[in-house]
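A.B. asks: According to TrEMBL, the feature S-adenosyl-L-methionine binding site maps to 278, 312, 334, 376. Sequence annotations record features per position, and here TrEMBL assigns domain 'Methyltransferase small' to 300-384. What TrEMBL lists as active site, nucleophile is 402. Annotated active site per TrEMBL: 402, in sequence order.
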Ligand SMILES: C[S@@+](CC[C@H](N)C(=O)[O-])C[C@H]1O[C@@H](n2cnc3c(N)ncnc32)[C@H](O)[C@@H]1O
């Protein structure tokens, strides 16, 4: 078994294995034990530990909180299952594969409630199982490559490390992406350096979905690597790749690297090369449909052209549904130029009217009278937007978040001005501690 570098470095400083009782699971996904040490109560975070487990772990008390390395499960808690993948403990991709599905949902709901402003914690919070397959569901993934000595190691990062972990099979990838992942090592043979590769699917019209690659490499890649990518192009395999090396700003393009997904309306949705898309097409469909439903509720009273602004719009994944809501006059704001072009193309392909604006959402001037603001920021959240909304509230805010900490922070800013109408936890990433949350807020009547 390959040992991650960081782990090897810290191994010398770990205490001999000690017995721990896991009392809860923290938002990052680790199990937590509380121990007395030198007259102090210390929290110990252990990856791969479940609530109720009694385990043996080697603990590094120098860090705060202390971190433990799971050595053995002495007696399993009720939440524990055998992981579906033998690599779950050493690969950082699926940190909750040792938990039952029910436990994953229960813990997510607890963590979501805890992140809400205190006054909202009794609000009904709904869990939505957004994907039917708990394995093979990822239609998008990022893997890391380290190449030296003629060989390339490809994999997800090891836990708390930047070392890719080589695995013979990845159980959560869509079969087309898994084929792509398995072929990557050979493509990067005799390269030097490190890189990351975004794996995505090609056009959904093909009977067997092709895949595309967006590569960022640390230094110059030898010509033979490009030649291999060229030779790998095939209708049901690699449709194309974009490769950015070192400080270069322009990618080398091989074949057609355009990523696509089945849009939430069933038609193909063009994505930005290397840009954002949810990890699962199926989960995205459910999420976007629900966003559109809630947006329609917020627009139900509208009888005339009514302003809807969507911030962090990406390639128009929600926009193609929002633009269909009766009376909605939709403006979609996005800072990635290729995503804006894709959003415009996706709207035109559907004969939908919405304005797409290339701008920074945090400083975009919102109209004075705004019925609905939809926002789906990256993990860093939208503090500046929340602060502006507090001063100049929209009637409804529909906040889609992939990070409970920044969602909690932003909702605390909004809480004096808004009340929650719906709070929903979308299980888009089974086997992981990641959660997508949808919150619909309505302004208090003044
Ligand atoms: C979580 S994604 C959501 C995209 C879209 N709603 C979807 O469902 O595909 C966040 C998007 O925000 C964009 N973004 C990041 N920072 C931004 C900013 N300051 N202003 C505008 N867009 C930004 C990213 O390029 C990305 O497309």
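Note that Cβ sites are derived from N, Cα and C of the backbone, with glycine treated the same way.
Annotations in TrEMBL come from automatic prediction, not curation.
Describe the structural surroundings of these features, if you would.
C.D. replies: Contacts of residue 334 (S-adenosyl-L-methionine binding site) defined by a Cβ separation under 8 A and a same-chain sequence distance of 6+ are given as 312, 313, 314, 340, 343, 356, 357, 358, 359, 361, in order along the sequence.
Helix, strand and coil counts under DSSP for the domain 'Methyltransferase small' (300-384) come to 22 helix, 21 strand, 42 coil.
Under 8 Å, Cβ to Cβ, and six or more positions away along its own chain, residue 402 (active site, nucleophile) finds 378, 379, 434, 435, 436, 437.
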A.B. asks: Are there any residues in the same chain, six or more apart in sequence, whose C-beta is under 8 angstroms from the C-beta of residue 376 (S-adenosyl-L-methionine binding site), and if so which?
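C.D. replies: When sequence neighbours closer than 6 are ignored, residue 376 (S-adenosyl-L-methionine binding site) has 310, 311, 312, 313, 314, 318, 399, 400, 401 within Cβ distance under 8 Å.
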A.B. asks: Cβ-Cβ under 8 Å from residue 278 (S-adenosyl-L-methionine binding site), same chain, 6 or more residues apart: which ones?
C.D. replies: 140, 284, 287, 317, 428, 436
